[in-house]
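Data block below; observations after.
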């Protein structure tokens with residue numbers, strides 16, 4: 001009898017254990033997700049009926065009686081209206097209410113001249129956006145970066161301590177550690193250990209921006225690159241995986257035909273990552289308002305021998321549809337991006353690019369957000385690793401229809417006039433050659 005009871009218990013244990021193992025094996029780990037918010041440029045003085053030639057901030061005779069004023073939804077010559085801003089956050093919450101965290105890469109104030117701004121207005125813009133994100137995503141970790149418009153005068157950010165770093169550090173103190181607050185006060189940069197084995201480094205790339213005159217005579221503003229090297233070295237010793245985030249990306253801006261960084265900073269910045277490409281998963285930036293990516297190498301000469309890249313940068317499009325009327329660039333439709341990553345390896349798996357057609361919205365009177373494309377489907381890749389994105393680049397390079405579609409997505413499906421040979425060269429070379437020398441050689445080769 002005792003033997004029979006023991007046998008019964010043993011069989012029950014085997015059955016339960018088998019069921020447990022089968023369930024464990026059959027149920028895959030859920031992938032992590034995060035929103036990337038960038039270049040919102042909310043204009044709190046945007047008014048319905050405003051004159052687009054006056055940034056939609058005032059009603060004029062022309063806007064009232066002749067040409068017609070701006071829609072309450074938005075205008076391609078103006079920054080983000082409240083209606084557009086509100087709809088974007090409502091859509092994000094509806095689509096993915098509980099992301100693991102939010103990456104927010106700056107540029108909150110509207111595109112205004114210094115005569116229309118001051119320190120108080122700039123800080124109020126950053127405060128408004130901070131409160132908005134926290135309000136829609138309470139208890140969700142936020143990892144921010146400072147942008148070139150998050151300053152006064154515009155684009156001018158020098159070494160701290162200064163009014164900007166001091167005030168923003170206090171504003172962001174609820175989601176930054178004490179160590180992060182200290183380095184932010186010094187230079188607007190920091191690092192956070194998100195979880196065991198997973199680190200985010202937020203860099204202040206405005207130091208190197210081509211319109212920032214405050215750091216031209218400095219070799220390493222606020223010691224950021226030295227600190228970066230030490231942080232990456234420690235991360236490597238600890239066996240951590242690293243993500244790099246910032247506002248202004250290095251390399252060539254295909255929209256404005258200019259390098260984003262001052263010449264002396266561009267290559268030095270890229271070289272800072274070469275020794276640690278084995279632990280850096282990817283970079284995320286904003287600033288250009290366009291949808292694109294950048295490949296880079298440990299050695300800038302590696303592209304000559306078709307060696308596969310060791311790094312990848314993703315540039316997300318802006319929420320603002322604003323068009324620079326003084327430079328040869330198209331506007332873009334508003335965009336939002338949701339990334340997907342492996343919660344074990346912290347590798348980037350995919351992203352979902354959402355958009356809204358501002359032209360149609362103005363006609364209908366409703367804002368309709370929808371999926372524009374899924375990255376792995378459009379690029380025909382398994383994931384978003386540097387090697388996979390190199391394959392995506394080769395597809396764009398070799399298949400004309402893919403290039404034209406990529407160029408269309410570059411401005412978030414805003415109608416373009418196509419992409420001629422010069423356009424093709426700039427698009428392809430800016431993707432593959434963020435180093436200055438390689439880019440110039442590429443323009444001749446293609």
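Even glycines carry a Cβ here, placed using N, Cα and C.
Pulled from Swiss-Prot:
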SIGNAL    1-26  signal peptide
CARBOHYD  6  N-linked glycosylation site
BINDING   39, 41, 107, 289  Zn(2+) 1 binding site
DISULFID  56-78  disulfide bond
CARBOHYD  118  N-linked glycosylation site
CARBOHYD  128  N-linked glycosylation site
CARBOHYD  178  N-linked glycosylation site
CARBOHYD  217  N-linked glycosylation site
CARBOHYD  229  N-linked glycosylation site
CARBOHYD  234  N-linked glycosylation site
CARBOHYD  342  N-linked glycosylation site
CARBOHYD  357  N-linked glycosylation site
DISULFID  429-442  disulfide bond
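Between residue 229 (N-linked glycosylation site) and residue 41 (Zn(2+) 1 binding site), the C-alpha separation comes to 32 Å. The most crowded of the binding-site residues listed here (39, 107) is 107, judged by how many other CB atoms sit within 10 Å of its own CB. Cα of residue 429 (disulfide bond) to Cα of residue 234 (N-linked glycosylation site): a distance of 34 Å. Within the set of disulfide-bonded residues (56, 78, 429), the lowest number of other Cβ atoms found within 10 Å of a Cβ is recorded at 429. A simple Cβ count within 10 Å picks out one of the glycosylation sites 178, 217, 234, 342, 357 as the most packed, and that one is 357. Excluding 39, 41, 107, 289, which define the Zn(2+) 1 site, the same chain contributes 38, 40, 147, 149, 286, 287, 318, 319, 320, 322 within 8 Å (Cβ to the Cβ centroid), listed in sequence order. When the alpha carbons of residue 442 (disulfide bond) and residue 289 (Zn(2+) 1 binding site) are compared, the span between them is 24 angstrom. Rounded to a whole number, the C-alpha distance linking residue 289 (Zn(2+) 1 binding site) with residue 118 (N-linked glycosylation site) is 24 angstrom. Highest local Cβ density among the binding-site residues 41, 289 belongs to 289, counted as other Cβ atoms within 10 Å over all protein chains shown. Residue environment of residue 229 (N-linked glycosylation site) contains 14 other Cβ atoms, counted within 10 Å of its Cβ in all protein chains.
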